[in-house]
Amino acid sequence: MVMNILTKIFGSRNDRTLRRMRKNVDVISRLEPEMEKLSDEELQAKTLEFRVRLEKGEKLENLLPEAFAVVRESSKRVFGMRHFDVQLLGGMVLNERCIAEMRTGEGKTLTATLPAYLNALTGRGVHVVTVNDYLAQRDAENNRPLFEFLGLSVGINLPGMPAPAKREAYAADITYGTNNEYGFDYLRDNMAFSPEERVQRKLYYALVDEVDSILIDEARTPLIISGPAEDSSELYISVNKIIPHLIRQDKEDSDTFHGEGHFSVDEKARQVNLTERGLVLVEELLVKEGIMEEGESLYSPTNIMLMHHVTAALRAHVLFARDVDYIVKDGEVIIVDEHTGRTMQGRRWSDGLHQAVEAKEKVAIQNENQTLASITFQNYFRLYEKLAGMTGTADTEAFEFSSIYKLDTIVVPTNRPMIRKDLPDLVYMTEQEKIDAIIEDIKDRSVKGQPILVGTISIEKSEVVSQALEKAGIKHSVLNAKFHAMEADIVAQAGQSGAVTIATNMAGRGTDIVLGGSWQAEVAHLENPDDEQIAEIKAAWKVRHDAVLAAGGLHIIGTERHESRRIDNQLRGRSGRQGDAGSSRFYLSMEDALMRIFASDRVSNMMRKLGMKPGEAIEHPWVTKAIANAQRKVESRNFDIRKQLLEYDDVASDQRRAIYTQRNELLDVSDISETITSIREDVFKTTIDSYIPPQSLEEMWDTEGLEQRLKNDFDLDMPIKAWLDKEPELHEETLRERIFQQALDVYHRKEEVVGDEVMRNFEKGVMLQTLDSLWKEHLAAMDYLRQGIHLRGYAQKDPKQEYKRESFSMFAAMLESLKYEVISTLSKVQVRMPEEIEALELQRREEAERLAQQQQFSHQEEDSLNTGSPAQADRKIGRNDPCPCGSGKKYKQCHGRLQK
């Protein structure tokens, strides 16, 4: 109550922020006549002037009014488009590390040019982030003329681009790309083996389009760079065969309950669990398939991986549906994004789930992958010094943006008042009744010439509606992941009079639906159109546009509520753009997933009490409230999951930052010999301490064990026992010094053979490879730890604290292993004298000649022989071949230098 009174007096925080920013809008407007007087050359020279002022210490914020005025005037000259005052407000919000909520059709793409230009003046690079490659390319090409007019370079970062092209894109003042590609480039840069391989600069300013889609919907999706693990495709196929024998466990209070089934399903948590009866049957079937021995338990330690395969196969069959969660195209299982309905080419589910789905669909099973590097979007985008974003629907997630990303959400007012009519939801008992009602509504409205957009939550549902429309004889277009290539054309014409378009999740589509259709699309189909043709097309469009407005504008039909209110609002937001007329309504049934899982019992009882008849809909505030509560429940649960994910990932993030910092320092120096010497001292001290405890009696020393360890791990022959027998006066400290000095002498002799430069490069290479290998193993160990850490709760321990404690111990152990393995590898490497290499090469040539004379071998036998032992190589050592000394370097960079 008190807060409401205070808000009325002082205004909300949103109002106060906009009031402050409007003062700057007035300043920019006053500068407009001055900018109009400037010639093109004088306007373009402003960029250099601003940069000079920044170098002299002027703050970026002080330049804002002038810079925005320059962009506004340049846009008028280049595009013939003037930034509205609300777009200037949006630009200021984006410059202040905030989220700007701007409704669909308010010109977010043009708004982004303002903060992008201002922050590009620093020369530190601006990253504009979009949800897909099409939008990245479109926005970059659309805005390129403006930025180039102002003297700024524009780069596009697309998947599959070679490193030099990516480096050039990142070197540009403003770079457009997708969230995935920016994240993957960051990971790849931190796997590089030379500074030249890196493509990104230091992360400065990210401007994220559809920020809710990227920072919230995809927050649970980690970016993973992986390498192939062992092939277990046969096991997936065998396990897949047993799943159809299992029966689902029904609820005990349901009509179909007939005793215990083999597995139960928790739809809320998306989990499947075997029952006792199911476990017995699975074990019997696995024994029958010859996968498991008679009498073995699926839960025994030796069968943990087998249990993992069974769970993955069960989830693939029960929780993942074709044309909902994925599609099968050209013999490949492609994931469908649950939020946008787009296919995610190249993405794969982890933990063997993707292979299980491939086995279920009987397509080629690709090998499982092992994680080499990974990061979540939450942690990647928090690496930027400055982060901002824009979307049409952010206010419902304002708390999450604030608590996780420290970003405030500011709702920017529309340029014209919103007049769309949002009609109350209609709820039916069955799915079929709901579909019938939707078809009737479409018939009535399309006859009047009103365009209709039908939003569905999956490809499967879009095809159900499509079939019903075909049956009713209503012409329509379908926009889903299966017709991805036709997207731009379908959306461009969705606003035509009487057009019916079915779309799977309009979130992140990035294209406005213009009433009367898109006249620009018509012009684009003409070859070299003249001004007269363009004028005719515009005039015809104006007539169509007015007719559609008279019919009521674009009507939105939602076929069911999404888990998130924000996705529903995005669908609604496609109508009523820029003050146009429009309407929206959601049709629901008690068989919808959201209603069935979260709101079914209460609403079903309510509908029964109201005496519902078949085909009759309920339209009541109670029902709307129950649905809103169900959505809030899901949103709250999803937020908790994302928050928990972040808390766990923050532990890995700190370790990742430490490893990547150390790795980059390694890359940037050419000589790490001092580091190697320091590590060697630590390793030998620790090793000797294990066998000769400090300040201990000689009787406690294990000299034989130490000799064996030095031989096995460091290739050092040291007769320690003989030294002690021969020199009774040899005490502990002197012995330690002798062991270390002899190890150092052996290493220096190797260095003399290959040369200082080769050894420095080799040390660096060994350090990087060992670090990468151990980091990869550490990531896998962290995954395993995380999967089972929740069980610590049963022992009255906090799983998060346990995870932090254990992961820190694992990290410390990994760093110790790094030191040990680096010194062990460097000690074991065999180097050869130049004359030995010549003798070896002569021997290889003779062997090759002998093999060439044996003509009786078939080609196949010859091939198998040549790919066998290296001693049977049939050609001289090439300059790019591995050096025979075992250093791992190319011959030309190692002993090949000595042959010159």
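Each residue's number is its place along the chain shown, starting with 1.
Cβ coordinates come from backbone N, Cα and C, glycine included.
Record check: Swiss-Prot places G105, E106, G107, K108, T109, D512 at the ATP site, and the matching candidate among Q87, Q496, Q520 is Q87. Here the binding-site residues are Q87, T109, and the one ringed by the most other CB atoms within 10 angstroms is Q87. A simple Cβ count within 10 Å picks out one of the binding-site residues G105, G107 as the most packed, and that one is G105.
Long-range Cβ contacts of E106 (ATP binding site) within its own chain (separation 6+, distance under 8 Å): V86, Q87, G90, V412, T414, N415, R577, Q578. Following the DSSP three-state reduction, the secondary structure of D512 (ATP binding site) is coil.
Note: the ATP site is recorded as Q87, G105, E106, G107, K108, T109, D512; in the same chain, M102, T104, L110, T111 also have Cβ atoms within 8 Å of that site's Cβ centroid.
In the three-state DSSP reading, Q87 (ATP binding site) counts as helix.
Neighbour density for K108 (ATP binding site): within 10 A of its CB lie 22 other CB atoms from the protein chains shown.
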